[in-house]
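Asks: As annotated by TrEMBL, domain 'Cytochrome c assembly protein' applies to B:13-185. As annotated by TrEMBL, transmembrane segment applies to B:25-45, B:57-85, B:92-116, B:128-147, B:159-178, B:202-225.
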Amino acid sequence: MTLSSFFKAELLTLFRRKQSIFNALIFFVMVVTLFPLGVDPSPDFLAPAAGGIIWCAIALAILMSVESLFKEDYNDGSLEQWLVSGHSVSVLVLLKVFAQWLMVVIPLVLALPFLSKMLFLASELIPVMLVSVLVGSPALFLIGAIGAALTVSLRGGAVLMLLLILPLYIPVIIFATGAVRAAQLEMPFTGQLAILGAISLLALAISPLMAAISIKASVS
Amino acid sequence: MNWTWFHKLGSPKWFFQWADRWGKVCFWFGTVLLIVGVIWGLGFAPQDYQQGNSFRIIYIHVPAAVLAQSCYLAMGIAGFVALVWQMKLAPVFIKAVAPVGAVMAFISLVSGAIWGKPTWGTWWVWDARLTSVLVLFLLYMGVIAIQNTLDDLQLADKAVAVISIVGVINLPIIKYSVEWWNTLHQPATFKLTEKPAMPVEMWLPLLFSALGLYLFAAGVSMWRMQNEVLVRERRANWVKEEVMKRGV
């Protein structure tokens, strides 16, 4: 197994199991739909709240898709093969997260402009929204991967993983919605986006290491 | 520098005997300090010129809030020790301290809400500090939950170590993110580097109750750690001797 063949195989597996990707997308759309129905469908409420609604829905959808990141590999014994493959487990984790990120975020980003319009977000704000998703979502995936690795050996680990990981998502959500809100008020928003990027980079440095430790502990 | 004390901490037996002596001292000394500080603060300290008597809840609120943060920091350090040096006692420490810290975070949330009603006119606001203590409380809950859910002891130890470290790295980010997001809370009462802005007769009882609560929590944690050590080392000879000696 070389790293490139591993990455290709991961992408192919995700592509052939389209349902799990669709699940995340549909979940995202449904959460967004609940807000106008549950709170207030008028543009007066939705337009200022759009950034927050979309980001909360994205965080939940990503958490849902990351939750089962290592489950299949744990059940069929692939994780054990990771440990004996001679590659660094951190690198394998990183490649797997990257593959998952590509396959989940691309559909989300494609759906984003439509949902933004449904929430009456002004057209000139949609690029800001897209950039915030592209810059901030890697942090969500990487932090989520730690939780997924910790709970991989549990049968009903989903709730536990939510409990562990959601508090860690708070800064990402705050800065992402902060960027959108600042753009709405026609204030500078690059600062918030830069901090989002910094959080993603920090997660990139720490998460593969921690996830690898957790995987080794779970498999042994 | 002499590192023997650090290496000794790796031995559960040594720790058990050490905690047997110092746990009681910490607990009782802390309890007395806490009682003195609280009675002094609630009964005899002068009134605040602005907030009147309602400020007195500070003698419970501030020590609990500070301790809640310290406990999590200590857990993060213990998590690092557990992963790097693989010391047996580090996960025991995390397991013992997590509920203590969670209770402290809860006390500071509740006492803060009670304090907020007369001063801000509302039980709860989405203010930076309140929110970050709420998140801290949730982080504690996560640590406790994963500790209790994972049956495999070694995996559970690794898991709490990982999640404590990640939480400690995240804590300042959470703190500053909510601080930029919204702030109504008054600035910190105590700073290590500055002289407090209160008169002596106001901050001295606060110092008493804060120190008392720290020692009290240290004593309770040591007892909890002792219990955990006994459970984990139940097959060791020294535990059998210890139990026989006490005739349980």
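Heads up, the Cβ atoms here are built off N, Cα and C, so glycines get one too.
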Asks: Restricting attention to the domain 'Cytochrome c assembly protein' (B:13-185), give the mean pLDDT.
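Replies: Value for the domain 'Cytochrome c assembly protein' (B:13-185), mean pLDDT as a whole number: 86.
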Asks: Do we see three or more Cβ pairs under 8 Å linking the transmembrane segment (B:128-147) and the transmembrane segment (B:25-45), pairs being at least 6 apart in sequence?
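Replies: By the criterion, they do not touch.
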Asks: Counting only pairs 6 or more apart in sequence, are there at least 3 Cβ pairs under 8 Å between the transmembrane segment (B:159-178) and the transmembrane segment (B:25-45)?
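Replies: Since fewer than 3 Cβ pairs under 8 Å link them, the transmembrane segment (B:159-178) and the transmembrane segment (B:25-45) do not come into contact.
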